[in-house]
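Taken from Swiss-Prot, the feature NAD(+) binding site covers 48-53, 75-76, 112-113, 141-142, Lys247, 276-278, and the record attributes it to sequence analysis. Per Swiss-Prot, site 'Plays an important role in discriminating NADH against NADPH' is recorded for Glu76. Taken from Swiss-Prot, the feature substrate binding site covers Tyr228, and the record attributes it to sequence analysis. Residues annotated as active site, proton donor in Swiss-Prot, with sequence analysis given as evidence: Tyr238.
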Amino acid sequence: MRIEPIIQGVVARSAHPFGCEAAIKKQIAFVKNAPQISQGPKRVLILGASSGFGLAARIALTFGGAQADTIGVSFERGPSEKGTGSAGWYNNVFFKREAEKEGRIAINIVGDAFASETRTQVIEAIETYFEGEVDLVIYSLATGMRPISNQPGEFWRSVIKPFGQTVTGASFDLEHDRWIDTTLESATEEEALHTIKVMGGEDWESWIDTLINAESIAQGCQTIAFSYVGPEITHPIYLDGTLGRAKIDLHQTSHSLNLKLANFDGAAYATVCKALVTKASVFIPALSPYLLALYRVMKDEKCHEGCIEQMQRLFATKLYGQDHISVDGERLVRMDDWELAPHIQNKVNQILEEMDANNFQVIGDYQGFKNEFLQLNGFGFDEVDYSQDIDLQTILKLTP
């Protein structure tokens, strides 16, 4: 069978196994040749390890100098007679294969990170493979809903909406390469609460509490979670909306976790990352034109970073091997420093003032945006022969 990219709006319905393998190998090659992580963690738990920042962090810590062993938790779908499965499934498979080639432990736990059974599996894996303790916990779950405790079948569901105003902005239909104007109504307080429950810090704190109670926290253990703030032009839909409320809750959680981990001479940080094309970010209306302009400017200025560049720089220059960890006035680790540089933002704003439905593919980096989206699912790599037939039985044997 031949696997073609199937896109519906901004959702990819297919994944190419060997394109995902190419993506893993490309990221490994980058971190091996980048400035290396020194004094890094050796036993790392990643919650949300199969794509985006979670996967990039796992690759950076394993191959970028720290030589870490990892346990990765993710909720992915394997191949079947009905479909190819998810990209994250293959990312898990090929990451593990490459890590084990270099003698590293790479445990994949495929399950619901909100479920108590998954936590039990994680604790058992830490006991079995990590001598009972972890040195770093990365919280990188990206999901639209979370089960409500003690209410089977009921969920909190996040929404992407502004507050106190309607916001009109553009998103892209990647299937047909179209600009779509979207108007978002103001969120209700209940919608805000649900979004905080799904995307705020409560589950992160619950995981750390579970690990503390299981005596799985090593001396000096740190934990990080990822956030976004963005420039003022993105604030109506992001920082001042439901997503922003959830991220502020995440930031506050980092402070309470920092106090808890102080008992282990450890620390907790919310890490503010750069705006990037991820499976999650393409769903945010009004952010897409900004991404097109930002990609164009940062590539022109030769300071563009993807997830893997961000994570290698985070661990090599911010979190490890330093006399002290550099944070801002709110105790946030800022990986959006290059993005928010005034000369970058001035040029981005100039492009956005001119961008519309007729010229977005010309003045913005639409091809870069779309290709990065395709590469999340294993497509768009020159070294992969996409005309080659793939035997279903072969990929059914690929297990993480």
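A Cβ is built for glycine as well, from the same backbone N, Cα and C atoms used for every other residue.
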Which one of these recorded positions has the most other Cβ atoms within 10 Å of its own Cβ: Glu76, Asp112?
-> Glu76
What remains of the recorded positions Glu76, Tyr228, Tyr238 once a 10 Å Cα-Cα cut-off to Leu141 (NAD(+) binding site) is applied is none
How many other Cβ atoms sit within 10 Å of the Cβ of Ser50 (NAD(+) binding site)?
-> 27
Neighbouring CB atoms within 10 angstroms of the CB of Tyr238 (active site, proton donor), all protein chains considered, total 23
10 Å Cα neighbourhood of Tyr228 (substrate binding site): matching recorded positions from Ser50, Glu76, Asp112, Tyr238, Lys247, Val277 | Tyr238, Lys247
Of the binding-site residues Gly48, Ser50, Phe75, Lys247, Val277, which one sits closest to Tyr238 (active site, proton donor) when you measure Cα to Cα?
-> Lys247
When a 10 Å sphere is centred on the Cβ of Gly48 (NAD(+) binding site), how many other Cβ atoms does it contain?
-> 25
